[in-house]
Amino acid sequence: MRQHVNPLSKNFFEIDPIPPLNEVFENPQLPLHLDIGCASGDFLMELSLKNKNWNYIGIEIREKLVLNANLKIKNREYKNVYFSFGNAINILNNTNNKTLIDAITSISFYFPDPWFKKKHHKRRVIQPEFINLLSNAMRTRSLIFIKTDVQELFEYMELTILESLKFKKLAYEDFRVNESFNPIKTQTKREKYVLLSQFEIYESIYIRI
């Protein structure tokens with residue numbers, strides 16, 4: 001079951017910047033993968049174990065999940081994962097996070113809240129201004145991964161990304177990344193539930209041009 005949290009709430013206007021990368025990661029020079037809407041963080045933790053040659057930051061709007069996720073990585077001594085609480089757009093718009101934005105090599109938006117009602121579409125995480133912010137920061141050949149079980153949301157996200165004219169859709173056969181780092185093959189809790197329920201999953205990859 002999806003837990004709705006209004007990302008436009010004034011509670012998310014004031015945010016704590018993410019600490020400098022050299023305070024968060026053992027090796028801050030590694031490429032950075034950002035997971036927007038990371039939920040409990042299990043997806044990123046699994047991904048980080050498959051490839052320790054990347055750093056990972058998860059952003060989640062439900063504070064309790066972030067607190068629990070950071071407790072997990074502290075207890076298990078992960079050296080390349082960090083979780084941050086808040087509205088992703090506000091966090092990445094914060095000038096104190098510029099070094100983080102400049103380090104982004106790939107981003108995943110997996111099973112974001114669909115906000116079905118049209119009047120609530122403005123609450124969806126992928127918005128034109130957010131894609132514009134990311135495109136201005138992401139280097140050429142940086143990647144965006146999306147997955148959802150809602151076809152209308154998939155079409156909306158794809159259109160928003162492609163209309164920026166900064167990204168093009170990448171065919172899976174053209175996806176060339178070390179197999180140990182492959183966000184497509186690592187499943188989130190939501191994805192496991194969807195597959196178990198035999199629902200369809202819509203997914204795609206976009207490359208910065």
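Each Cβ is built from the backbone N, Cα and C atoms, and glycine gets one as well.
As annotated by Swiss-Prot, active site applies to D113. D113 (active site): 20 other CB atoms within 10 A of its CB, across all protein chains. In the three-state DSSP reading, D113 (active site) counts as coil.
Under the heading S-adenosyl-L-methionine binding site, Swiss-Prot lists D35, E60, N87, D113, citing sequence analysis as support.
The secondary structure of D149 (substrate binding site), as reduced to three states from DSSP, is coil rather than helix or strand. Residues annotated as substrate binding site in Swiss-Prot, with sequence analysis given as evidence: K117, D149.
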Quick check on the binding-site residues D35, E60, D149: which one has the highest count of other Cβ atoms within 10 Å of its Cβ?
D35
Whole-number Å value for how far N87 (S-adenosyl-L-methionine binding site) lies from D113 (active site) (Cα to Cα):
13
